[in-house]
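Trainee: OK, TrEMBL features for this one:
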- 288: active site, nucleophile (ACT_SITE)
- 107, 108, 109, 112, 198, 199, 200: UDP-N-acetyl-alpha-D-galactosamine binding site (BINDING)
- 198, 200: Mn(2+) binding site (BINDING)
């Protein structure tokens, strides 16, 4: 009995100090939040002899056991992509053989266009899907201000005019319908895959064909080490984005997949957003909350690690060996105002 009491006391002590660390990390300046990195991630449950249950034949080349420090697959058999798990040349060669092509969508509305778009596009030309044909779709309310960027072979840029909304929350949520409409009218006729990005970020390393899949989600850099009880799910039962539990917390700054899947994803999120509007409800994190609900019900076939969208303000993390896309400096005080 005394041994059981001792073990129980040890478990309670460890749990207590874990939550103390999280409290300090969350309520103190961002530079201290690296303490969360000491909390271990789950591990891939598959045995070395097992093959991935989802994904394409190219993903069979992934070395899930090259990274013992992080979770490299999900409970439903989808890979979680980290540096060191894949051969970039192999992925590029296979996708070229398959004649894969990609559309990139990005919203640059109001002041966001002048503040971020040029740097985003220039960096994408250097690092995004370098081996494949890419079409950029810039959604904006001011087409005449889109910068003239020199594009490489096989790259093109198309501008889609969108309505200006007075609230940034509405801009964020209404992009779901705009993306779905663009896929139906244009993208599906020439691109196999679609990736959707926020504009206030910049590519700094390879964001390549290893990221392609039927349904692709991104682990949020601020949540991937936290206990699920601290995920920022919408807890309001009146919202269509309501979640009691989930698998991970996904970041809406990056998502993608085949054009069919992304069309269904964005259409579904738009429909649930509009249902909330009818009921005078707004999800906690707007389109991101609805995206998390969708990806909980419709499991992604591939998950990207936080290296695919990292914020250096988090501080040092031993499991982030390379940054591929970085958050730009946020200027919400001047950008998120009614124009």
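Just so you know, glycine gets a Cβ as well, placed from its N, Cα and C.
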Trainee: Please report the distance from the Cα of residue 288 (active site, nucleophile) to the Cα of residue 108 (UDP-N-acetyl-alpha-D-galactosamine binding site), rounded to the nearest angstrom.
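Mentor: Between the Cα atoms of residue 288 (active site, nucleophile) and residue 108 (UDP-N-acetyl-alpha-D-galactosamine binding site), the distance comes to 18 Å.
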Trainee: To see if you understand the setup: which same-chain residues, six or more apart in sequence, place their Cβ under 8 Å from that of residue 199 (UDP-N-acetyl-alpha-D-galactosamine binding site)?
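Mentor: Looking at Cβ-Cβ distances below 8 Å from residue 199 (UDP-N-acetyl-alpha-D-galactosamine binding site), excluding near sequence neighbours, one finds 106, 107, 108, 112, 113, 116, 117, 120.
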Trainee: Other than 107, 108, 109, 112, 198, 199, 200, which residues of the chain come within 8 Å of the UDP-N-acetyl-alpha-D-galactosamine site, judged by Cβ distance to the Cβ centroid of those residues?
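Mentor: Output for this site, in sequence order: 106, 113, 116, 117.
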Trainee: Whole number in angstrom, please: the longest C-alpha to C-alpha distance across 107, 108, 109, 112, 198, 199, 200 for UDP-N-acetyl-alpha-D-galactosamine.
Mentor: 11
Trainee: Cβ distance under 8 Å to residue 198 (UDP-N-acetyl-alpha-D-galactosamine binding site), same chain, sequence separation 6 or more: which residues?
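Mentor: Long-range Cβ contacts: 106, 107, 252, 253, 254.
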Trainee: Counting across all protein chains present, how many other Cβ atoms fall within 10 Å of the Cβ of residue 200 (UDP-N-acetyl-alpha-D-galactosamine binding site)?
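Mentor: There are 21 of them.
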Trainee: Rank the binding-site residues 108, 109 by the number of other Cβ atoms within 10 Å of each Cβ and report the first-ranked residue.
Mentor: 108
Trainee: Quick one: give me the count of other CB atoms within 10 A of the CB of the residue listed as 'active site, nucleophile'.
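Mentor: The answer is 23.
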Trainee: Pick the one among the binding-site residues 107, 112 whose Cβ has the fewest other Cβ atoms within 10 Å in this structure.
Mentor: 112
